[in-house]
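Participant: The following feature annotations were taken from Swiss-Prot:
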BINDING   S56, R79, H80, R81, E87, D171, L172, N173, H177  FAD binding site
BINDING   Q76, W77, M78, R79, R155, R182  dUMP binding site
MOTIF     79-89  motif 'ThyX motif'
ACT_SITE  R182  active site, involved in ionization of N3 of dUMP, leading to its activation
Amino acid sequence: MNKEYKILDNGFLKLIDFMGDDRRIVKAARISYREESVKRKDAELIDYLIRNGHTSPLEQVVFTFHVKAPIFVARQWMRHRTARINEVSGCYSLAREEFYVPLEEDLKCQTSSNSSEKEFKSLEKLSDKIKHHQKHSYELYQDMINANIPKELSRIVLPLSLYTEWYWQIDLNNLFHFIKLRLALDSPKEIKENSPKEMREYAKALISIVREIVPIAFNSFENHFLRGKRFSHEEIIAIINALDLNKLSMDAEKLNLLKDKLGID
């Protein structure tokens, strides 16, 4: 805890506090049965819960993070409405002159066929224009502040690349969902390519933190959801017809789980 993960040029992610771990998930699950009829070992129980979508025990584990990111990242982040957020207020505090400037290779990566390649002779020139725009915007912001214009109105001239900070509290189940959506590992190629690189960097840092606190739960989540795939009924039928499942190198229990998932008696 208190380790600060440096992200982008001026951003960071830091775990402030957490409540619960793998043991809390197990205890929350077993209380439903008064610990009488659940014979599974702890790791097996957690895997069962995650695999079958029994998520309420995961909600017993809660994290609080301190995040610093550009406003355009923050607004995407806050689309996840299952968390509690306290953000730096532009009404009560002065904005700092801290802006995100993408690396030139990232500008090139995100450049489409009909973008401004013809207008700008080089990515270096484009990067310089971004910095100039940011500097000019902040100077205008300061002019408005010095003219005694209220902070909440003066900030309208600041770009989305301005850094903001917030405290973010979220339970493990919804954190897993956040990571899955933002990494887009199981998404079609087109969605992966359009997934914001900046958001993925924060999601990777979240993984580094969560993996240390709930290693058993994270391994199950990674296996079933982060790197797992969903199949349509049509695809399942095609798989069944193409494979001799009994020849798969899986132990009997996992093979039976696979057959059950595919609807094979």
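FYI, residue positions are counted from 1 along the chain as it appears here.
Each residue, glycine too, has its Cβ placed from N, Cα and C.
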Participant: Do any residues of this chain, six or more beyond the ends of the motif 'ThyX motif' (79-89), have a C-beta under 8 angstroms from a C-beta of it, and if so which?
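Facilitator: For the motif 'ThyX motif' (79-89), the far contacts come to 164-171, 174, 177-178, 181.
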Participant: Taking S56, R79, H80, R81, E87, D171, L172, N173, H177 as the record's FAD-binding set, what's the max Cα pairwise distance in Å, rounded to a whole number?
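Facilitator: So the maximum pairwise Cα distance among the FAD binders is 27 Å.
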Participant: If one looks at the chain holding H177 (FAD binding site), which residues at least 6 apart in sequence have a CB under 8 angstroms from its CB?
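Facilitator: Set apart from H177 (FAD binding site) by at least 6 residues yet with Cβ under 8 Å, we have H80, T82.
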Participant: Work through the binding-site residues one by one (S56, E87, L172) and name whichever has its CA nearest to the CA of Q76 (dUMP binding site).
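Facilitator: Comparing Cα positions, the closest of these binding-site residues turns out to be E87.
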Participant: If you measure every Cα to Cα pair among Q76, W77, M78, R79, R155, R182, the residues listed for dUMP, what is the largest value in Å?
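Facilitator: Farthest-apart Cα atoms in Q76, W77, M78, R79, R155, R182 are separated by 28 Å.
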Participant: Tell me which of the binding-site residues S56, E87, L172 ends up closest to W77 (dUMP binding site) in space, Cα to Cα.
Facilitator: E87
Participant: Between the binding-site residues M78, L172, where is the Cβ count within 10 Å the lowest?
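Facilitator: With the binding-site residues M78, L172, fewest surrounding Cβ atoms within 10 Å: M78.
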Participant: Would you mind reading off the Cα separation of R155 (dUMP binding site) from L172 (FAD binding site), to the nearest angstrom?
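Facilitator: One finds 35 Å between the Cα atoms of these residues.
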Participant: Can you tell which of the binding-site residues S56, E87, L172 lies nearest to R182 (dUMP binding site) in space, using Cα positions?
Facilitator: L172
Participant: Going by DSSP assignments with H, G and I as helix and E and B as strand, what are the residue counts for the motif 'ThyX motif' (79-89)?
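Facilitator: Output for the motif 'ThyX motif' (79-89) reads 0 helix, 4 strand, 7 coil.
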Participant: Helix, strand or coil by DSSP: which one applies to M78 (dUMP binding site)?
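Facilitator: The residue in question, M78 (dUMP binding site), is coil (DSSP, three-state).
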Participant: Output, ordered by sequence, the same-chain residues six or more apart from S56 (FAD binding site) with a CB under 8 Å from its CB, or 'none'.
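Facilitator: Non-local contacts for S56 (FAD binding site): A28, N173.
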Participant: Please report the Cα separation of E87 (FAD binding site) and R79 (dUMP binding site) in Å, rounded to an integer.
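Facilitator: With distance taken Cα to Cα, R79 (dUMP binding site) is 14 Å from E87 (FAD binding site).
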Participant: Using a 10 Å radius around its CB, how many other CB atoms surround W77 (dUMP binding site)?
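Facilitator: 19, counting other Cβ atoms within 10 Å of W77 (dUMP binding site).
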